[in-house]
């Protein structure tokens, strides 16, 4: 008899329409409403990338692709999909409640973020767990999947494809900037959080597996909290790398993200490119994983190792 297990795919969430922007931003700021200036700044960023972020649709497609791939691999288990978002409906708690209403007793949770931090993935897991405990649902949490061979293979292929656009004799004048979303430094240090190490390990593996010669690690998209965040910021890093090594070609791989959204389309494709244009170097940013079979396969492999 086939057993039904819940598959709770969790993600950050993004506004679906312009009127969602203020409540969404307020939720991110833990109930503190943004000023008119802050709200307009966010609206301007969305406008710059062509309206609202494509994240919502991509999250749905990634979750559906993951469900399909998992169910193809299983004969005795049937996964049922639930999507839970951090900052907009359907919230994580709503997804767990729906599981309960559907009679789900057991579920696997996965966050659409490849590296673990107690501040990010850990907070998603905690919210899901607290709600699941109310209903007696047993959850298996997938912590990370950056180390999965298919995840590494995806990025290795993209790096090598990008290098092919650069003359061979200029590969030594090319640098790969590997980045993830910055987080508050104090919080990371207090918790002895593995997040910076996991990004470093990713960068090291990509250097070993790809044809790139020079690799640098950076952080991006930090919040405006008035406290130190993990650095160096990718824009500062770009200027420093150029100043120290005179690299001609900069390849940006924001491996902490899994699709094209505001942080990639604006913070990389606009802000980093502005810096590259300013110092007179070439900007490259390979396509993000989105629903690529290697990326989906990496998550499938990680889930299968836990069930």
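Note: Cβ is positioned from N, Cα and C throughout, glycine not excepted.
Note that this is a predicted model, so its numbers are computed, not measured.
Site annotation (Swiss-Prot): Fe-coproporphyrin III is bound by 12, 29, 45, 46, 124, and the candidate from 19, 53, 89 recorded at this site is 53. Farthest C-alpha pair in the Fe-coproporphyrin III-binding residues 12, 29, 45, 46, 53, 124: 26 Å apart.
Ranking the binding-site residues 45, 181 by the number of CB atoms within 10 A of their own CB puts 181 at the top. The least crowded of the binding-site residues 12, 29, 46, 263, judged by other CB atoms within 10 A of its own CB, is 29. The two recorded residues residue 263 (Fe(2+) binding site) and residue 53 (Fe-coproporphyrin III binding site) have their Cα atoms spaced 10 Å from each other. Distance noted between the C-alpha atoms of residue 124 (Fe-coproporphyrin III binding site) and residue 181 (Fe(2+) binding site) is 16 Å.
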